[in-house]
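Notes follow the structure.
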Amino acid sequence: MKTYLSIYYLIQFCGHSWIFTNMTTRFLFFGQDAFADTFYSIGLVMQGCQLLSILELAHILLGVEQNGFLPMFLQVAERFIILFVVITSQEEVQSKYIVCALFFIWNLWDVIRYPYDMLAAVDTDYSALTWLRHTWWIVAYPLSVLAEAYTIYESLPYFESLGTYSFKMALPVSLSFHFPYILTLYLVLQPVGMLYICSCLWSERKQYFQRKLKLKKN
């Protein structure tokens, strides 16, 4: 099982590294012109990596990994909502600069997280990488939440005008579903989810440094 986990995390690391390298290279060569077609150049690989991340929930449910299910579920779900429900469904949003910024933040976090998880799967620890894994989220995660919120904000006019995912039913009962209201509710609840996930990540960080301090004393 350790071999399987290390291979899974290696695949994720390679995928996100390719995305990060592609985005960085395109920006260095084309400057701001690269922002507009970020989704068209790396969107398919990004979608593949996010679909693959469902396995991380299965790992927890099957007892392969001991991480908390709810924090992981919320992190996977928020990316699915933003990537597949919001960005993929609205072509006008795909060319926004905020999408490039969001993908950059996501992948800058993942190229740190996945090699750490890969090494942890085979009981290997590099202190610098471990410290970075338990510290970088303090900056990266709140920034990603802000970028996600702004992406939703930018998408609302398009969902409003195009009526994507909204519908009305006359029979057998009168029923109306207005999707922009759901996105607005999501924006209201998003800070609650962010605080919960940050508290879980902070607890992990605290436990790591406490263990490290005990080892030094011994």
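Every residue, even glycine, has its Cβ placed from backbone N, Cα and C.
Here Swiss-Prot flags 1-6, 62-67, 117-136, 202-218 as topological domain 'Cytoplasmic'. For 7-29, 39-61, 68-87, 97-116, 137-159, 179-201, the entry in Swiss-Prot reads transmembrane segment. The topological domain 'Lumenal' feature in Swiss-Prot is assigned to 30-38, 88-96, 160-178; the stated evidence is sequence analysis. Sequence annotations record features per position, and here Swiss-Prot assigns active site to Tyr141, Glu148.
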| remark: All chains considered, the count of other Cβ atoms within 10 Å of the Cβ of Tyr141 (active site) is 17
| note | Here the stretch out of 7-29, 39-61, 137-159, 179-201 with the most C-beta pairs under 8 Å to the transmembrane segment (97-116) is 7-29
| said: Any contact between the transmembrane segment (137-159) and the transmembrane segment (179-201)? By contact I mean 3+ C-beta pairs closer than 8 Å, pairs at least 6 apart along the chain. | reply: yes
| note | Cα of Glu148 (active site) to Cα of Tyr141 (active site), in Å and rounded, measures 10
| Intrachain neighbours beyond the topological domain 'Cytoplasmic' (62-67), with Cβ under 8 angstroms and 6 or more residues off its ends | 1, 5, 56
| message | Let's see if you can do this one: DSSP helix, strand and coil counts over the topological domain 'Cytoplasmic' (1-6), in that order. | response | 5 helix, 0 strand, 1 coil
| request: Run through the Cβ atoms and count how many others sit within 10 Å of the one on Glu148 (active site). | output: 24
| task | For the topological domain 'Lumenal' (160-178), provide the mean pLDDT of the predicted model. | result | 81
